[in-house]
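Student: What Swiss-Prot records for 6-20, 10-22, 15-27 is disulfide bond, and it gives sequence analysis as the kind of evidence.
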C-alpha cells in the first residue's frame, strides 16, 4: 500500500500523519 505523504506544518513537535515526524516547520518521514 501507499504510505501517507508527510508535509503538513507542525507545531509542538507532533504530526497528524502516521509515520511522520516534525522537522520544523514541516513534517517529514
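In case you wondered, yes, glycine gets a Cβ from its N, Cα and C as well.
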Student: What Cα-Cα separation, expressed in whole Å, is found between residue 20 (disulfide bond) and residue 27 (disulfide bond)?
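Tutor: About 6 Å separates the two Cα atoms.
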Student: Sorted by position, what residues of the same chain at least six away from residue 27 (disulfide bond) have a C-beta under 8 A from it?
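Tutor: Expected: 6, 7, 8, 9, 10, 15, 17, 20, 21.
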